[in-house]
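The block underneath contains the structure these notes are about, expressed in structure tokens.
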Amino acid sequence: NLFQFGDMILQKTGKEAVHSYAIYGCYCGWGGQGRAQDATDRCCFAQDCCYGRVNDCNPKTATYTYSFENGDIVCGDNDLCLRAVCECDRAAAICLGENVNTYDKNYEYYSISHCTEESEQC
């Protein structure tokens, strides 16, 4: 769920998720449209695509099992849907961590009205 994802983000980026990523670019946060603005926003676009492939549970509210082991995020559910959601969040958190140097304050609280270009395909 989004709280668990926020915990993963904090572990991988050192940034508090709500303030840094809840309304960032065209895809970080609830929903998304247009073209991702930078590498950080592309991480969120990829997560949205991943969520789109998870059909049997609600990715933003599903509670899954995970742990941190030697700095790695380890998903632990036997339930395939919950594990898939965890893996989507895990991949996005790792991506955000790998691209933390591209984080641009100009895209914080970015208005969705600027996100008018055609979206890439998942």
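The backbone N, Cα and C atoms fix where each Cβ goes, and this holds for glycine too.
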Answer for the disulfide partner of Cys26 (Swiss-Prot, candidates Cys115, Cys122) is Cys115
Comparing local Cβ density (other Cβ atoms within 10 Å) for the disulfide-bonded residues Cys43, Cys57, Cys115 points to Cys43
Rounding to whole Å, the Cα atoms of Cys86 (disulfide bond) and Cys50 (disulfide bond) are apart by 10
Across Cys28, Cys122, listed as disulfide-bonded residues, the smallest other-CB tally within 10 A is for Cys122
Checking the disulfide-bonded residues Cys26, Cys57, Cys75, Cys95, Cys115, Cys122 against Cys44 (disulfide bond) with a 10 Å Cα-Cα cut-off, in sequence order, leaves Cys26, Cys95
